[in-house]
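Trainee: According to Swiss-Prot, the transmembrane segment annotation covers 20-42, on the basis of sequence analysis. Summarising the annotation, Swiss-Prot assigns domain 'Rieske' to 71-161. The [2Fe-2S] cluster binding site annotation in Swiss-Prot covers Cys107, His109, Cys125, His128 and is backed by sequence analysis. According to Swiss-Prot, the disulfide bond annotation covers Cys112-Cys127, on the basis of sequence analysis.
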Amino acid sequence: MTQMTPSDVPSMGRRQFMNLLTFGTATGVALGALYPVANYFMPLRAGGGGGGTSAKDELGNPITASGWLSNHPAGDRSLVQGLKGDPTYLIVEGSEAIGNFGINAICTHLGCVVPWNSGANKYICPCHGSQYDANGKVVRGPAPLSLALAHIDVEDDKVFVSQWAETDFRTGEKPWWT
């Protein structure tokens, strides 16, 4: 059996340093992996007293109410990035007004994006034919539920989207998406 000389045994300082380095690396990796998960459940808030998320166009740029209204006629329903980046319809109610609610464009059947059909005045899902009226209430299945709602607020020409937690005005029931 060979005996180790004192110079062969690592010093306690070196051992502590290696333990600290290993622990720090593992902690950094774990926190880095948890960051996107935390952002998914707690999206960053973009200014505004309403506490909502800034509505963004297809390029990810924040939308201004004046710019949106100048490019979209009354009655228009166009997609923006809403809560958690979900496609959400902004409704133009007049030449100077964006509706106070938006409609999440994700079908409640299998999650397809539901386009607005202006000729039929309803949303029609291309995947399995579910249909929703102009306010997003389901009128024909197989979708089991109406499209989710979101609050739309305009503050200082900025458009914000926030969670709808009140009674669903289309059904008179508690919202299924909260």
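Cβ atoms here come from the backbone N, Cα and C positions, even for glycine.
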Trainee: Report the DSSP secondary-structure composition of the domain 'Rieske' (71-161) as helix, strand and coil residue counts.
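Mentor: Here the numbers are 4 helix, 42 strand, 45 coil.
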Trainee: Name, in the order they occur in the sequence, the residues of the same chain whose CB lies under 8 A from the CB of Cys125 ([2Fe-2S] cluster binding site) and which sit 6 or more residues away.
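Mentor: In sequence order, the residues whose Cβ lies under 8 Å from that of Cys125 ([2Fe-2S] cluster binding site) (at least 6 apart) are Cys107, His109, Cys112, Val114, Gln131, Ala143.
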Trainee: Looking at the binding-site residues His109, His128, which one has the fewest other Cβ atoms within 10 Å of its own Cβ?
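Mentor: Per-residue Cβ counts within 10 Å for the binding-site residues His109, His128 bottom out at His128.
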Trainee: Return the average pLDDT for the domain 'Rieske' (71-161) as a whole number.
Mentor: 88
Trainee: Could you tell me which of these recorded positions, Cys107, Cys112, Cys127, has the greatest number of Cβ atoms within 10 Å of its own Cβ?
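Mentor: Compared across Cys107, Cys112, Cys127, the most Cβ atoms within 10 Å surround Cys107.
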